[in-house]
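S.K.: So TrEMBL lists these for the protein:
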TRANSMEM  16-38  transmembrane segment
TRANSMEM  44-65  transmembrane segment
TRANSMEM  77-96  transmembrane segment
TRANSMEM  116-135  transmembrane segment
TRANSMEM  173-192  transmembrane segment
TRANSMEM  229-254  transmembrane segment
TRANSMEM  274-292  transmembrane segment
TRANSMEM  298-318  transmembrane segment
TRANSMEM  338-360  transmembrane segment
Amino acid sequence: MGWQELSKKKYSKKTVFPIITLLLVANTINIGADIGAMSASVNLIFPGFPILLTTLFFTTTIILSEILIPYQKYIRILKYLTLSLLAYFVTALIIGANWQEVFTASIIPHVEFTPAFSMMFVALFGTTISPYLFFWQTSEEAEEDVAKNKIKEIGDSKPHITKREIKMMRIDVMLGIGFSILTMWFIILTAAGTLHAGGISNVITADQAAKALEPLVQTFPNSGQIAKIIFALGVIGTGMLAIPILSGSSAYALSEGFGWKQGLSKKFKEAKSFYLIIASSTVVGLWINFMGLDPIKALYYTAIINGIIAVPLLIAVIKVANDKKILHTHTNRRLANVLGWLTVAIMGFSIVIMIFTWTLV
């Protein structure tokens with residue numbers, strides 16, 4: 001069963017639904033910003049191509065893919081799309097960074113007690129421990145069990161789980177978060193070595209960000225043009241990967257909350273409400289692009305919202321993970337509890353610091 005289904009065993013709807021509401025808002029704005037960024041990136045490769053056509057194309061393609069492509073094939077497509085994240089690794093290597101300075105700064109970080117720094121710190125947590133992943137990850141585990149005929153429906157209790165299955169889940173999560181953090185590190189490195197080094201601190205669109213790479217990258221001939229194209233392809237691939245997960249996690253959260261049929265393994269007629277949530281959240285995301293919203297700032301502020309939402313969600317996860325009535329013999333180990341509560345403390349403290357620095361302005 002998914003996270004929402006598990007949380008209902010311990011918490012009331014009044015406790016969970018405010019968090020889900022914030023999650024839906026953040027997810028939808030994220031979707032809109034991603035669609036805008038993808039369309040702007042197409043313009044980098046094909047200048048003058050109508051933005052309206054590209055936004056409609058991406059929106060329609062993503063919605064139809066989630067509805068029409070069989071679950072096992074669709075998940076394989078998403079796995080291959082993760083390779084698009086390698087674009088950020090390549091771009092970082094092209095810029096010709098001072099690696100000694102990079103590694104020193106990575107080990108000994110620079111800290112400022114300012115609103116801008118504290119907000120970025122919370123946003124960083126929000127993009128690393130993103131609330132929508134709580135819903136997506138748990139629901140996808142259930143989807144896999146449905147696909148393997150271990151359970152009939154998402155929401156059914158699994159009759160038996162082996163130690164090997166738990167071990168494989170841990171390895172899967174550790175590899176995923178490791179790759180995620182490494183990707184984040186390379187993205188930060190690319191931004192620092194190009195935009196920040198060039199004195200550019202207020203990027204409004206992905207189009208501007210990618211164009212800014214050209215004159216700043218001088219490592220080898222045409223490196224700026226190459227970096228721009230790789231950046232554009234990375235944004236498009238990442239958007240194709242992220243939007244289905246964002247809309248899907250919203251659909252899982254709402255469907256589990258209201259007890260609707262759900263799952264990408266089901267056909268549209270079997271889970272209409274589930275797929276309509278996916279479609280509507282993606283369409284609303286498309287509509288946001290025509291409201292004059294600043295997509296880069298939208299991503300930034302939704303990351304802050306995610307960083308705030310993640311704290312109560314983490315607390316709920318840890319409490320459920322220690323409830324023997326729910327998990328029986330598979331409750332948290334001591335190390336997992338220590339690391340979990342330490343994460344909650346650090347994230348909670350960073351939010352307090354963010355609020356405190358704002359009161360000083």
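Numbering starts at 1 and runs along the chain as displayed.
The backbone N, Cα and C atoms fix where each Cβ goes, and this holds for glycine too.
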S.K.: Between the stretches 16-38, 77-96, 116-135, 229-254, 274-292, which one has more Cβ pairs under 8 Å with the transmembrane segment (173-192) than any other?
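M.R.: By the under-8 Å Cβ criterion, the transmembrane segment (173-192) pairs most with 77-96.
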S.K.: Among the recorded stretches 44-65, 77-96, 116-135, 229-254, 298-318, which has the greatest number of Cβ pairs closer than 8 Å to the transmembrane segment (16-38)?
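M.R.: Selected stretch: 229-254, with the most Cβ pairs under 8 Å.
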S.K.: Between 44-65, 77-96, 229-254, 274-292, 298-318, who has the most Cβ pairs under 8 Å to the transmembrane segment (116-135)?
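M.R.: The stretch I would name here is 298-318.
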S.K.: Are there residues at least six beyond either end of the transmembrane segment (44-65) with Cβ under 8 Å to its Cβ atoms? List them, or say none.
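M.R.: Same-chain residues near the transmembrane segment (44-65) but 6 or more away: 35-36, 38, 74, 77, 207, 210-211, 228-229, 231-233, 239-240, 243-244, 247, 278-279, 282-283, 285-286, 289.
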